[in-house]
């Protein structure tokens, strides 16, 4: 089992100082719990947050030195020597980060992705059992085929920070081919404005029907009628 | 006859010297120490002056020790001298006198535990100590007496045999512990890791910086301690004064400083002699095996013991062997934190916030001044100049301590002082990180603080936080930051003395001053706050434990963030002492003490900072 943890040049939201995001620390924890070789990958120059992330359990971090779309750079790097598992946080904290990177990467590599992972089990027949954290502490078991991308839940157990590991990390720069530049995002930007709460006011009080063990087609028809009655679907 | 006596006393002395070398060989497996042997010439002075100074706080113990130790050693030296040189009866008589004194000493040693042994004293092999001392002194004393009066060989031989048996028993007690302090103490006093305690101000309390490039950071196994430190653990005489003073022990936390030192001494040995003192409260028996290369924490020492320490130095203050308990705790914490990341959860959060936000509470540095925002404090920009730099400290985030700071700032304004703060450039001084063993975070915070301070010009730093005071005054110099640092009580005392603030005593309830550990024991400042209170209040009383021997509030050393199990809370115990002194108001001088003592629930004396009481009493200032 070889795992790669995607690391960002994290910034602490309060202090603005370099700091690994909690999700990435949790991702390192998941990678360690999977066993086998674990390495970090960062696109860009070595950042201070990387050393701190390494303190949570990474022996080495590859810094991919290329210009252009980090998704393309990562995809090229990962498909050259595909690991079994790619782990990421749910969202970086660098300011411009959208949290889309793992999804775009999965799309480009054609790998499956699961988000909100709090624990992983042992591989059987090429399938990896994982536990996904849902709101209010609920847990859901799932399994995913390797190789895959997992986004760690922010609340997944975080391995402790060990200064001795942080100071021993081997950070090596890897020269990679430049990738295409990122296309500017579509759509227009406009300032946020408060929107009226639609759901609460749109739903009429009472009404509805209770169906006990209905036929699926019947249930779908009732739901559609109900939504049409509310005006949420075109008649 | 003389040959017999030389053989007996000399043989025992030689065997003791051999035993010392065996111990030395074990201590030398620790980290090397420079100038250890050269320190041997300091030993008599350190022993007779510094050790005795502590022992003599309990006169009965001092008398006992002087007679027993003086008799055992002095009698032996005189008898050996007489036997070797063939001296006359007078030297033999003197030897007999000394042994006689030692015999009385042995009796006092016996009386110490009979009819009732104080709970802080160890039992076990210690119960044999009076008999061994008595046999040595009575046997040899009789022999010397017979030699003095020129008696025949007949009574001398059994006396020498008795003395020899006593000597063998004493040697056995070296191995078992009770007499080991005599041999190990010499090595420890020669290589004491804080020589500053014996020179100048007689105080040396700052932690030493750690070389962060060293392969092993802190202590994981006994061999990671320096040689003299290992000797210190062996030098413990188990008198239990430390455990009587320890606030964590009193609160039922899993720490007993005496048991801790005995555990560290035992950790050096695969088969340590049994410990017959009180253990740390509610600590399960650990089955681990000791050895110079065996892990200490979790193996022979319970993890919680490490995090219960408030680093208040009460144990160090009480220790007659001048052992540095707190240094040992911090060294072990450094190993756990830096090498293993094995801190308690709460401490790990505080350390992460210290790393990532330069503030253990994780708060925005720009919010530090919020509690005194109404006072419109000037902020010193880089390159700026002022007379006094006011270091706000971590307490400034707290609304309660904001009142203290507002009182202080108001007083400083009334005295016409020119001062400013660092504003958002003030990072945490690193005290908490350092006490929790995270030397790396401490050094990075210290470097940032020092460079922020060096970018500004001022005459001195004033702070209301004794922890910041200690770090800035005593620990930054080793990292290149040297400034005059003053506690706010010292500054206010100066202002009152110089007439820049005039106080009028306010009728008040009885006021007891609670000494912060980091102001009192760490910095020796116990008089200025009392002078201020005497000038501001009509009725001041002392708690039973005060000044250099005050009890900790429980707030230091990262203990509050370490979620330590306890039977009761340390501040509750301290508040009980204030009540016992009849105090209706407890004066404090530290944000930590303020928070801890105000956290005591139920009806209790009021808590006021010295600055608040001074402000209430001030009738005139230079600017009024």
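A Cβ is built for glycine as well, from the same backbone N, Cα and C atoms used for every other residue.
Annotation comment: TrEMBL describes B:226-258 (among others) as domain '4Fe-4S ferredoxin-type'. Within the model, the domain '4Fe-4S ferredoxin-type' (B:226-258) carries an average pLDDT of 96.
For B:299-328 (among others), the entry in TrEMBL reads domain '4Fe-4S ferredoxin-type'. Within its own chain, the domain '4Fe-4S ferredoxin-type' (B:299-328) is flanked in space by residues 46, 50-51, 54-55, 181, 185, 188-189, 192-194, 197, 205, 207, 219, 225, 229, 232-233, 235-237, 239, 241-248, 253-255, 257, 260-261, 263-264, 266-267, 280, 283-284, 286, 288-290, 336, 342-344, 347, 435, 517, 521-522, 548-549, 551-552, 554-559, 562, 564-566, 570, which lie at least six positions past its ends and keep a Cβ under 8 Å from the stretch.
The transmembrane segment annotation in TrEMBL covers B:6-28 (among others).
Among the features that TrEMBL reports, transmembrane segment is placed at B:66-84 (among others). Listed by sequence, the residues of this chain that lie at least six past the ends of the transmembrane segment (B:66-84) yet keep a Cβ under 8 A from its Cβ atoms are 2-3, 5-6, 9-10, 12-13, 52, 91-92, 94-96, 98-106, 108-109, 133, 136-137, 140-141, 143-144, 147, 170, 182.
For the transmembrane segment (B:90-110), same-chain residues at least 6 beyond its ends with a Cβ under 8 Å from one of its own Cβ atoms are 60, 63-72, 74-75, 78-79, 81-82, 129-131, 133-134, 136-138, 140-142, 144-145, 147-148. Annotation comment: TrEMBL describes B:90-110 (among others) as transmembrane segment.
Feature annotation from TrEMBL assigns transmembrane segment to B:122-150 (among others).
For B:156-175 (among others), the entry in TrEMBL reads transmembrane segment.
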DSSP-derived helix, strand and coil totals, residue by residue, for the domain '4Fe-4S ferredoxin-type' (B:226-258):
19 helix, 1 strand, 13 coil
Spatial neighbours of the transmembrane segment (B:6-28) far in sequence, C-beta under 8 Å, 6+ residues away:
76, 79-80, 83-84, 140, 160, 163-164, 167-168, 170-171, 174-175, 180, 183-184, 186-187, 227-228, 230-231, 234, 268, 292
Six or more residues out from either end of the transmembrane segment (B:122-150), which same-chain residues have a Cβ under 8 Å from its Cβ atoms?
1-2, 5, 8-9, 68, 71-72, 75-76, 78-79, 82-83, 89-90, 92-93, 95-96, 98-100, 102-103, 105-107, 109-110, 113, 156, 159-167, 169-170, 172-173, 176-179, 238, 240, 258, 273-277
